[in-house]
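Peer 1: Just passing along the structure, written as structure tokens.
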Amino acid sequence: MLSQAKNGASIVGEWLTKPPAPCLYDRQLVWITLSLMITGLVIVTSASVPVATRLTGIPFYFALRHAFFLVCSLVIIAGVVQVPLSRWKQFSVPMLFLSIVLLIIVLLIGRSVNGAARWIPLGIFNLQPAEVAKLSLFIFLAGYLVRQYSQVRASFIGFIKPLAVLGVLAFLLLMQPDLGSFVVMFVTTVGMLFIAGAKLWQFLVMISGALLGIGLLIVFEPYRLRRVTSFLDPWEDPFGSGYQLTQSLMAFGRGELMGQGLGNSIQKLEYLPEAHTDFVFAVLGEELGLIGVTVVLLLIFALVFKALFIGRKCLQSGQLFGGFLACGFSFWFAFQTLVNVGAAIGMVPTKGLTLPLISYGGSSLFIMATAVGILLRIDHEQRLFAKYGPAESEELDDSGLNDSNNNDEQE
């Protein structure tokens, strides 16, 4: 039995790390992304019917919107994968400034939901600037680490500069308030600096300061303190501050091993708030059980592993910008998943973060799709670099992804 498990694990590992040689894009990454998107559409459709019926009278209102968002996301991936990495590096600073402007705008005219002003109405969907800020920060940080690589490794000044940028974004995010997005940005920034080779004592100072700051933010903000206390013992107040978590835990309890079956969730009947957004994982657990939960988590793990694997290949070949950015994306996907799943099962306080590529929400899907498109582009350019060398790969980059694939097929 153990040998069979090892053989199965080795087959999966080989599938993830050794795609067909003639291919100049990562097929496995495409299939993993499509699998997560389709899973998200199915679960969002099931989880959103009761609330959609009450709010709009159209049972599949949110499901149809989510399907539209998915189609747009696929178009975004197809477009982004054509953009050379040099363009993202070139425009990383303007993108960061645009994110700061959007974060200021949302404080002035943003739409408030549950006491947090996080969305800018744009007609067909509500833009969440925090999602744009995540992507912009990680692209900017990857470019900074390339430009100041030796300084980051040698001096505290090089280490502290990106934290100053993060501090500006943190201030604007906490004004909304959106502590969850800040925590994701902070952890991803720490991970990227670690990959770049910053000193250990610098991390200890930064993490200690961050923990102290987050603790003060929780203590001096009543609603955050209620979230933490309800997370520690939700059953103490199951109809008040602990209501959402207790309903989520009951959903997992009902799911057991095999689940209740698609469409058979009880908690989605408006017992569990935000069933199709922040707590879609609980509905998934109730309807598909432990087996379904495990499959979805393995898919997300495969996505994280792919990003990390692509980043490692780039760093080994000297393509630092793509390497740092791919590793940053892997930390982002992993930690945001950890927080979302942890909140649903009571391991961490509720943070209002979506489950990557699964939860309902246009902004989250579009930004995650952009990140996947950039990952595909990073992998594509790394393969060109490995196959043709630096000079020839740059010439092929200028002709676009499709031309490169056509040339490869002719060979």
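Heads up, the Cβ atoms here are built off N, Cα and C, so glycines get one too.
What Swiss-Prot lists as compositional bias 'Acidic residues' is 392-411. Annotation source Swiss-Prot lists region 'Disordered' at 391-411. Under the heading topological domain 'Periplasmic', Swiss-Prot lists 50-65, 111-121, 221-289, 342-354, citing sequence analysis as support. Residues annotated as transmembrane segment in Swiss-Prot: 29-49, 66-86, 90-110, 122-142, 155-175, 178-198, 200-220, 290-310, 321-341, 355-375.
Describe each of these features in terms of where it is and what it packs against.
Peer 2: Sequence-distant contacts of the topological domain 'Periplasmic' (50-65) (same chain, at least 6 residues past either end, Cβ-Cβ under 8 Å): 41, 44, 125, 268-270, 275-276, 360, 362.
Across the residues of the topological domain 'Periplasmic' (111-121), the predicted structure has a mean pLDDT of 72.
Listed by sequence, the residues of this chain that lie at least six past the ends of the transmembrane segment (155-175) yet keep a Cβ under 8 A from its Cβ atoms are 96, 99-100, 103-104, 107, 130, 133, 137, 140-141, 144, 148, 181-182, 185-186, 189, 193, 198-199, 202, 206, 217.
Remote same-chain partners of the transmembrane segment (178-198), defined as residues 6 or more beyond its termini with a Cβ less than 8 Å from a stretch Cβ, comprise 116, 118, 130-131, 133-134, 137-138, 141-142, 145, 149, 152-153, 159, 162-163, 166, 169-170, 206-207, 210, 214, 217, 224, 311, 315, 323-324, 327-328, 331-332, 335-336, 339, 351-353.
Long-range contacts of the transmembrane segment (200-220) within the same chain: residues 156, 159, 163, 174, 179, 183, 186, 190, 193-194, 228, each at least 6 residues beyond the stretch ends and with a Cβ under 8 Å from a Cβ of the stretch.
Same-chain neighbours of the transmembrane segment (321-341): 85, 88-89, 134, 138-139, 141-143, 145-146, 180, 183-184, 187-188, 191-192, 195-196, 278, 281, 297, 300, 303-305, 307-308, 310-315, 347-348, 351, 353-356, 359, 371, 374-375, 378-379, 381-382, counting only residues six or more beyond its ends whose CB sits under 8 Å from a CB of the stretch.
Residues 26, 29, 33, 36-37, 39-40, 43-44, 48, 62, 65-66, 69-70, 72-74, 76-81, 83, 85, 88, 119, 124-128, 131-132, 134-135, 276-278, 280-281, 284, 296, 300, 303, 306-307, 310, 325-326, 329, 332-333, 336-337, 340-341 of the same chain sit 6 or more residues outside the transmembrane segment (355-375) yet have a Cβ under 8 Å from a Cβ within it.
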Peer 1: For the transmembrane segment (290-310) and the transmembrane segment (66-86), decide whether they are in contact, meaning at least 3 CB pairs lie under 8 A, counting pairs 6 or more apart in sequence.
Peer 2: no
